[in-house]
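Structure record follows, encoded as structure tokens.
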Amino acid sequence: MRRILATCGRPTLVCYGAVISAFAKAGDIEKAEFWLNALEEANVGSPNAICLNMMISACAKAGAVDRAEHWLSKMPEPGSTPDAISYNAVIDACARMGDVTRAEGWLRNMQVAGIAPNVVSYSSVLHACARSCDARLAEDWLDKMRQEGAEPNAICYNAVINAWCKEGNCLRAVHWLEEMASRRVEPTVNSYSTIIDKLAKTGDIDGAEMWLSRMAKAGITADAISYNMLFGVYSKSGDLERACTLFKQMQDRGVKPNTVCFNLLINVHARQSDFRGALNRLVQMRQHGIQADRVSFNTAIKAFSRSADTHAADMLLEEMKLAKVHLDAATFNTLIATSARAKDMRGAECWLERMVAQGMEADAVGYCTLIDACSQNGDGRRAEYWLEQMESSGLQVASSTYGLLVNAVAKLGDISRVERIFTRMETAQVEVNCATYNVLISTCARKGDVNRAESWLKRMLASKTKADVVSYSSVIHACAKSSDLQRAEAWITRMEEDGVPANVVTFNSVINACARCGEAARAENWLEKMIKQSIQPGVLTFNSLVNACSKAADIDRAERWMMQMPHHGVQPDDVTYSTVIHACTVAQDPKRAEKWLEHMISKMAGSHQPSSFSYNSVAQAWARAGNPDRSAH
């Protein structure tokens with residue numbers, strides 16, 4: 001057309017009509033309208049009804065209701081009379097928008113123009129009612145349709161059934177399905193599948209299955225979409241048994257499954273971590289000639305979330321090759337994780353190396369999986385190596401990833417290396433969280449390095465990271481291990497000043513420090529504070545207190561506290577008795593030591609027997625008292 005116009009030619013009406021029709025069919029409203037306007041300006045004739053109807057239909061399909069109405073109203077100008085096709089196209093456009101009022105208005109305009117609405121006209125209005133979820137109005141229009149001599153077809157009844165299902169009234173939808181059959185209108189797959197879908201989505205799986213069976217008994221062959229409605233529910237609930245039963249039923253009825261069907265089935269297996277079942281479904285897909293897609297494999301990969309079966313992972317890889325689906329980051333990460341769970345660290349590393357070799361950028365998930373696996377295996381050096389690789393790749397290393405490495409190295413007790421990781425975190429400007437600080441402080445505490453533990457706690461307090469009860473308790477524990485009571489008390493005081501409430505572990509540590517120093521009175525003071533703060537003392541608390549009294553050579557005090565334990569809801573254990581017995585031995589009071597051993601035997605009868613330490617302490621007491629016979633006894 002442009003070439004004709006460029007050479008000063010004069011296109012004919014037929015040429016214009018062909019171009020307008022071509023663009024209208026292609027759904028290009030803008031260009032169709034351009035050439036329609038060009039036709040009017042060319043004065044070579046007027047567009048005919050067919051051309052204008054195609055224009056109206058194109059506008060309707062594109063959802064351009066205003067444009068469809070515009071061209072319908074313009075039809076009389078060139079002498080074209082709108083017909084049923086013209087009106088039906090506009091009514092359909094309104095229906096697609098769910099504009100019932102507008103659709104009804106055009107149907108009435110159609111009648112005023114002397115054109116009798118046909119089944120298509122009414123079905124569009126019914127469709128509009130369904131889209132706007134107005135089931136009552138849909139019923140009214142179905143009745144009007146019959147009264148005006150237009151016999152509803154399956155599409156009309158299906159619109160009413162759909163309207164009631166959208167409103168959530170399946171009983172009324174069933175009524176219309178039965179009404180449809182009674183009027184000798186053959187229900188379609190959509191008639192049943194609309195009800196099945198609604199029941200399935202509302203959780204009435206039994207009802208959905210029942211209607212699927214009724215559909216088969218009615219001689220209507222369900223399609224894959226109908227079955228997928230139920231597979232979708234099983235996929236969400238993870239009901240593998242029901243999904244497998246339905247799939248067999250589907251095969252027995254000769255219904256060919258599609259890709260969506262298999263993908264939903266694979267997901268059911270994945271939810272149960274049934275990776276072998278997921279693999280079997282992929283094999284079935286291939287055998288049925290159904291192409292597995294990226295969704296199929298990415299769904300199957302989920303089944304490997306807890307798997308350590310590297311052979312099964314190789315099978316997945318083989319299926320991907322056969323389906324000509326290239327491995328993506330998710331697949332490689334699954335293979336890395338599977339090898340890591342199988343403790344095959346070399347295999348896991350090979351997969352990441354292979355991923356990079358194929359020109360694919362390894363993501364944070366892959367690196368973190370390796371770092372975590374190395375950490376879990378206690379291989380801090382290898383974990384640190386992969387952290388370096390991750391940093392050099394340009395990926396942003398999260399605080400949690402550094403935390404994994406800190407935990408791994410801390411388990412080895414290598415404080416210097418943990419400190420080096422902290423320096424790297426600072427260099428990378430990664431905020432160190434409370435848990436990571438606590439790991440380092442705790443490692444220093446376990447090593448008995450009070451100065452280092454204190455130093456890191458002070459550094460933590462100077463940072464933006466807020467210390468918690470574990471932070472302070474770890475330092476107090478370190479002080480207790482080194483018998484530095486003054487320091488332990490100073491930190492628990494600082495803790496209270498900073499608004500961090502002490503817990504039972506904190507108090508146990510400071511009371512233990514008192515015990516190591518033989519400070520019975522100070523231990524009692526801390527126990528009183530503990531009780532005032534409504535913190536329940538445990539057996540460890542009292543054992544430390546009894547030990548403090550014993551070290552202070554105050555046996556009466558130790559005995560009194562042991563007798564007080566039941567009043568606090570705590571029963572003396574083997575350690576409590578052994579501590580008192582040993583104190584009696586040190587005080588060279590064999591009778592008292594023997595009395596407590598007998599008391600221990602009677603109290604602990606049927607549960608724990610006294611330890612050899614307790615017997616040895618009594619024997620040693622009698623031997624020191626110069627009574628070898630009693631000692632031998």
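Keep in mind that glycine also has a Cβ here, set from the backbone N, Cα and C atoms.
The domain 'Pentatricopeptide repeat-containing protein-mitochondrial' feature in TrEMBL is assigned to 124-250 (among others).
What TrEMBL lists as domain 'Pentatricopeptide repeat-containing protein-mitochondrial' is 340-457 (among others).
Here the repeat 'PPR' (48-82) has a mean pLDDT of 83 out of 100. As annotated by TrEMBL, repeat 'PPR' applies to 48-82 (among others).
Positions annotated as repeat 'PPR' by TrEMBL: 83-117 (among others). Residue counts for the repeat 'PPR' (83-117) under DSSP, split into helix (H, G, I), strand (E, B) and coil, are 26 helix, 0 strand, 9 coil.
Counting same-chain residues at least six beyond the ends of the repeat 'PPR' (118-152), those with a Cβ under 8 angstroms from any Cβ of the stretch are 84, 87-88, 91-92, 94-100, 103-104, 107, 110, 159-160, 162-164, 166-167, 169, 172, 183, 185. Taken from TrEMBL, the feature repeat 'PPR' covers 118-152 (among others).
Secondary structure of the repeat 'PPR' (188-222), assigned with DSSP and counted as helix (H, G, I), strand (E, B) and coil, comes to 26 helix, 0 strand, 9 coil. According to TrEMBL, the repeat 'PPR' annotation covers 188-222 (among others).
Per TrEMBL, the feature repeat 'PPR' maps to 223-257 (among others).
If you look up TrEMBL, you'll see 258-292 (among others) marked as repeat 'PPR'. Within its own chain, the repeat 'PPR' (258-292) has Cβ neighbours under 8 Å at 224, 227-228, 231-232, 234-235, 238-240, 243, 247, 250, 299-307, 309, 312, 315-316, 319, 322-323, 325, counting only residues six or more beyond its boundaries.
Under the heading repeat 'PPR', TrEMBL lists 293-327 (among others). Sequence-distant contacts of the repeat 'PPR' (293-327) (same chain, six or more residues past either end, CB-CB distance under 8 Å): 259, 262-263, 266-267, 269-279, 281-283, 285-286, 334-335, 337-339, 341-344, 347, 355, 358, 360.
If you look up TrEMBL, you'll see 328-362 (among others) marked as repeat 'PPR'. Taken residue by residue, the repeat 'PPR' (328-362) breaks down under DSSP into 26 helix, 0 strand, 9 coil.
Feature annotation from TrEMBL assigns repeat 'PPR' to 363-397 (among others).
The repeat 'PPR' feature in TrEMBL is assigned to 433-467 (among others). Residues 399, 402-403, 406-407, 410, 413, 415, 418-419, 422, 425, 474-475, 477-479, 481-482, 484, 487, 491, 498, 500 of the same chain lie 6+ residues outside the repeat 'PPR' (433-467) yet bring a C-beta within less than 8 angstroms of a C-beta in it.
Marked as repeat 'PPR' by TrEMBL: 468-502 (among others). For the repeat 'PPR' (468-502), the residues of the chain that approach it from at least six positions outside its boundaries are 434, 437-438, 441-442, 444-445, 448-450, 453-454, 457, 460-461, 509-510, 512-514, 516-517, 519, 522, 530, 533, 535, judged by C-beta separation under 8 angstroms.
As annotated by TrEMBL, repeat 'PPR' applies to 538-572 (among others).
Panel annotation: around the repeat 'PPR' (48-82), residues 17, 20-21, 23-25, 27-29, 32-33, 36, 40, 89-90, 92-94, 96-97, 99, 102, 106, 113, 115 of the same chain, lying at least six beyond its termini, place a Cβ under 8 Å from a Cβ of the stretch. With a threshold of 8 Å between CB atoms, the same-chain residues lying at least 6 positions outside the repeat 'PPR' (223-257) that come near it are 189, 192-193, 196-197, 200-201, 203, 205, 208-209, 212, 215-216, 264-265, 267-269, 271-272, 274, 277, 288, 290.
Same-chain residues lying 6 or more positions outside the repeat 'PPR' (83-117) and placing a CB less than 8 Å from one of its CB atoms are 49, 52-53, 56-57, 59-61, 63-65, 68-69, 72, 75, 124-125, 127-129, 131-132, 134, 137, 148, 150.
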